[in-house]
Amino acid sequence: MGCTPNASHSPVFLLLGFSKARVSPGLLFFLFLAIYLVTIIGNVTLVLLISRDSRLHSPMYYLLRGLSMIDMGLSTVTLPQLLIHLVSNYPAISAARCLAQFFFFYAFGVTDTLVISIMALDRYMAICNPLHYHSVMNRQLCAFLLALSWVVSIVHTMLHVGLLLPLYWAGDAEGNVKLPHFFCDHRPLLRASCSDIHSNELAIFLEGGFLMLGPCALIVLSYACIGATILRLPSAAGRHRAVSTCGSHLTIVGFLYGTIIWVYFQPPSQDSQEQDMAAAVMYTAITPLANPFVYSLRNKDVKTALHRLLGRGREDS
């Protein structure tokens, strides 16, 4: 696709993802507002529980607290703007704000996937090498791995932002570029560009694919070793206890990686735009919402800590 003379590096983007939705904008507004508020309340509660209760000061919960903070950032990058656009007749975003949203969304999103893979390593050490667990997975190592995840994520995101900067977008007569999405995601931006996007597609499949396959390989190998260890346990109670510590993590792994692979590692097609947006809703809104509840409702330690906190609150009042 060639660029017209009015093509620009910095157009105004119109985010029209929900403009043709069968549900009224008012209903969508209250739905996403409820999702956002519950996401923030759930993750803040989990962060406070882990920070205040000394019984939760272990490597697994240290990583879980980091994941909750990342999930709050991931939701905040996209949902408040969506709420504003749902009640606006002109859902516009400037090119600078669009790239800023792109940067922060991918910085939080990639860090999220890396932290989830580190949590698989944590479960491997806890189940397969319990005698060395606390000496190896100490707080210093967890802090280093979290910091490393952020560094890798930011470098990865800066690469893709750098590849977007030279692109041109051809807008309408008013200079607006229509994106059939609710935030500045990678695929819609590339589809709307009139420039050659071969380098961008190559970076997604090679560099982005490597960044996905590395954590995926770590998760698969960790759980292969965990499965072999669980099968060797002599008692059914021990096997059930080991499986229960991994169930929450596996649920989130399948949910998150499934939607990411669906969106970013399929050939681009105009027919897949609606499916892409549905998957994007899953990992921008539903996964951050689900994380604190999946990890708390299935976790006896977290539920006990919550009961203690609520009981202490009643005593203080």
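Every residue, even glycine, has its Cβ placed from backbone N, Cα and C.
For 27-50 (among others), the entry in TrEMBL reads transmembrane segment. Taking Cβ pairs closer than 8 Å, the transmembrane segment (27-50) reaches residues 18, 21, 56-57, 61-62, 64-65, 68-69, 71-72, 75-76, 79-80, 82-83, 86-87, 285-286, 288-289, 291-293, 295-296, 302, 305-306, 309 in its own chain, all 6 or more past its ends.
Sequence annotations record features per position, and here TrEMBL assigns domain 'G-protein coupled receptors family 1 profile' to 42-295.
Residues annotated as transmembrane segment in TrEMBL: 62-83 (among others).
According to TrEMBL, the transmembrane segment annotation covers 103-121 (among others).
Tertiary neighbourhood of the transmembrane segment (141-169): same-chain residues 3, 7-9, 11, 13, 59, 62-63, 66, 99, 102-103, 106-108, 110-111, 114-115, 118, 122, 177, 186, 189-190, 192-195, 197, 199-200, 203-204, 207-208, 211, selected by CB-CB distance under 8 Å and a gap of 6+ residues from either end. Under the heading transmembrane segment, TrEMBL lists 141-169 (among others).
Taken from TrEMBL, the feature transmembrane segment covers 210-231 (among others).
Annotation comment: TrEMBL describes 243-265 (among others) as transmembrane segment.
The feature transmembrane segment is assigned by TrEMBL to 277-297 (among others).
Same-chain residues lying 6+ beyond the ends of the transmembrane segment (103-121) with a Cβ under 8 Å from its Cβ atoms: 60, 63-64, 66-67, 70-71, 73-74, 77-78, 137, 142, 145-146, 149-150, 152-154, 156-158, 160-161, 183-186, 211-212, 214-216, 218-219, 222-223, 249, 252-253, 256-257, 260, 283-284.
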